[in-house]
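Notes follow once the structure below has been shown.
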Amino acid sequence: MSDKVIICEALTKQFGDFVAVNHISFDVGKGEIFGFLGANGAGKTTAMRILCGLSYPSSGKATVAGFDVYKQQESIKKNIGYMSQKFSLYENLTVLENIEFFGGVYGLSSAEIRRRSDRLVNKLGLTQEAKKLVGALPLGWKQKLAFSVAIFHDPQIVFLDEPTGGVDPITRRQFWDMIYEAAAAGITVFVTTHYMDEAEYCNRITVMVDGKVEALDTPGHLKAKFGVGSMDEVFYQLARGAKRSAD
Amino acid sequence: MKQLLVFIRKEFFHVFRDKRTLLIMFGLPVVQIVLFGFALTSEVKNITLTVIDQARDVNATQIINKIKSSSYFIVDESAVNYDEVTTAFKKGTAKCALIFPTGFGNDLQHAGQAQVQILTDGSDPNMAKTVVNYLTAILTAYQQEISPGTQLPYRIIPEQRMLYNEEGNGSLNFIPGVMALVLMLVCTALTSVAVVREKELGTMEILLVSPFKPLLVLLAKAVPYLVLSLANFTLILLLAVFVLDVDVKGSILLLFLVSTLFIIACLSIGLMISNTTNSQQTALLLSMMGMMIPTLIFTGFMFPLENMPWIFQWISYVVPSRWYFLIIKAVMLKGLGFSYIWKETLVLLGMTVVALAVALKNFKIRLS
């Protein structure tokens with residue numbers, strides 16, 4: 001295997017007559033920040049669920065971290081991290097307990113968890129709050145903590161499903177700093193978002209429309225190709241032809 | 001294995017930090033025991049008996065004194081005539097009355113027989129029947145006392161005994177019922193809510209994406225509630241023994257074993273419910289309402305199942321608490337061993353296996 005950590009070939013998912021994901025093909029390189037855009041109902045979530053090992057494709061091929069999405073779902077799960085649009089830590093557990101829990105679920109040893117959580121808490125500046133319930137933290141901190149927990153076990157790839165929903169612009173910038181840091185450390189970031197300014201931060205972008213990949217390139221190339229000044233307009237031009245709407 | 005322990009520890013944190021859950025879990029049995037043990041008792045004790053003594057002779061007075069000395073009645077002699085009694089009945093201030101006519105003692109001594117009238121409020125038939133029984137017993141006893149020499153040539157003396165409950169302690173029937181009810185409600189409601197809460201919060205997604213086995217998620221959810229339910233069962237047992245004077249006759253170990261089985265059955269039903277909904281409220285409603293009514297009606301501790309039309313009797317066969325109730329009654333109150341309850345236990349085991357299989361199967365389907 002080369003340095004491609006996600007490879008999709010003609011990946012398709014059908015629910016009865018409805019083709020949620022229609023022959024999509026792309027690959028993602030190691031340490032890349034890969035933006036996955038699309039209107040609601042375009043098939044992003046379905047595609048992401050397949051890549052996370054939560055659902056089987058109907059046809060096509062795909063490997064994630066070198067593992068087959070049909071046969072090696074368990075191995076995929078060990079090698080990825082995931083953060084959803086809903087806040088996904090336990091509010092009535094403390095910061096440390098959350099870290100310990102998710103570290104434990106991914107099979108890290110207690111000593112390893114302690115070593116890494118000390119470092120993490122220091123890095124996030126949460127030393128004071130380490131023993132406080134997560135529910136008491138401000139939303140921005142919660143999101144940053146959730147991201148740190150998602151990559152706590154050093155996954156090869158982290159899937160972020162609209163991670164910055166409802167977060168203020170400053171925290172979003174800080175959040176993206178963390179994403180860059182993770183990517184620099186070699187973690188591939190697969191991110192869906194509805195914020196087009198965030199799309200500009202990605203190395204490459206796919207835009208899904210009605211289950212198909214309509215565009216796949218760097219933000220710069222896409223803007224040049226469509227002859228527009230922002231990703232917003234690129235997205236609008238692609239997505240307005242969509243027949244499906246709503247998730 | 002370590003992952004499972006980490007998960008179970010997390011579940012315990014959830015339970016202990018959620019005051020509402022704890023309150024439901026341990027408040028419910030206490031409230032139920034107190035309610036069923038003291039308030040909702042079917043025993044007749046200290047009931048006010050209106051007595052009109054128009055005879056005012058030795059015999060009437062002796063009988064009244066006997067009544068007074070029993071623990072069943074509080075004698076009220078304020079009423080003087082029949083009309084007052086009927087008014088009191090209409091108002092509901094009197095439930096039962098005993099009337100001695102003029103010349104009661106005279107008739108008894110000279111004619112050899114005399115009449116008294118017992119009035120009861122038939123709108124409460126259970127109470128009415130009990131009062132008549134108690135009064136008849138007192139009158140019969142008095143009759144024998146005053147005629148010791150004149151034995152009838154043939155007499156049949158029924159010797160009554162309430163087996164397993166000689167004192168007529170009304171709590172006895174309720175305790176197994178309360179156990180079934182509390183365990184049923186607590187186990188199904190709390191487990192279903194615990195699973196659904198993760199779905200509602202979005203943490204279930206994270207767990208499913210993690211290498212943690214989905215089936216272990218259910219197991220980890222169920223274990224803390226199993227432990228807490230056993231603690232709960234112990235609490236009910238202690239309350240029963242020390243507060244309600246219930247005598248546990250059978251093997252404690254056997255009680256705990258069958259209770260564990262029943263708890264697992266309830267937990268499985270809770271998990272089944274959690275598969276059908278994504279909202280905590282629906283889960284709570286389904287398990288509270290959906291389980292409470294059948295448990296109350298079809299377990300047999302409030303209404304005798306034998307009197308129900310066959311269709312309801314058939315329904316009662318699929319209610320797990322019905323079988324648990326039978327087992328607990330047999331073991332706890334009658335002191336019977338496993339050889340007497342193996343059939344009921346087998347039925348309960350079958351139900352558990354089916355419920356658990358359905359819960360696990362549906363949980364798997366949701367993943368693909």
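Glycine too: its Cβ is placed from the backbone N, Cα and C atoms.
Whatever TrEMBL says is automated annotation, not expert-curated.
If one looks beyond the transmembrane segment (B:21-40) by at least 6 residues along the same chain, the residues whose Cβ comes under 8 Å of a Cβ in the stretch are 14-15, 171, 174-175, 177-178, 181-182, 185-186, 189-190, 228, 232, 235-236, 239-240, 243-244. TrEMBL lists B:21-40 (among others) with the feature transmembrane segment.
What TrEMBL records for B:139-366 is domain 'ABC transmembrane type-2'.
The transmembrane segment feature in TrEMBL is assigned to B:174-196 (among others).
Annotation source TrEMBL lists transmembrane segment at B:216-244 (among others).
Long-range Cβ contacts of the transmembrane segment (B:250-271) within its own chain (Cβ-Cβ under 8 Å, at least 6 residues beyond either end) map to 179-180, 183-184, 186-192, 195, 218, 221-222, 225-226, 229-230, 233, 237, 287, 291, 320-321, 324, 327-328, 330-338, 341, 345, 348-349, 351-352, 355-356, 358-360, 363. Annotated transmembrane segment per TrEMBL: B:250-271 (among others), in sequence order.
The transmembrane segment feature in TrEMBL is assigned to B:283-305 (among others). Panel annotation: around the transmembrane segment (B:283-305), residues 173-174, 176-177, 180-181, 184-185, 188-189, 192-193, 195-196, 269-270, 273-274, 276-277, 312-313, 315-316, 319, 321-322, 325-326 of the same chain, lying at least six beyond its termini, place a Cβ under 8 Å from a Cβ of the stretch.
Long-range contacts of the transmembrane segment (B:311-328) within its own chain (CB-CB distance under 8 A, at least 6 residues past either end) are made by residues 175-177, 179-181, 183-184, 255, 258-259, 262, 265-266, 269, 294-295, 297-301, 305, 341, 344-345, 347-348, 351-352. Per TrEMBL, transmembrane segment is recorded for B:311-328 (among others).
Here the transmembrane segment (B:340-360) has Cβ contacts under 8 Å with residues 215, 218, 258, 261-262, 264-265, 268-269, 271-272, 274-275, 318, 320, 323-324, 326-327, 330-331 of the same chain, all six or more residues outside its ends. Residues or ranges marked as transmembrane segment by TrEMBL: B:340-360 (among others).
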Outside the transmembrane segment (B:216-244), six or more residues from its ends: residues with CB under 8 Å to it: 3-4, 7-8, 10-12, 15, 25-26, 29-30, 33, 37, 169, 171, 175, 178-179, 182-183, 186-187, 190-191, 194-195, 204, 207-208, 255-256, 259-260, 263-264, 266-267, 270-271, 359-360, 363
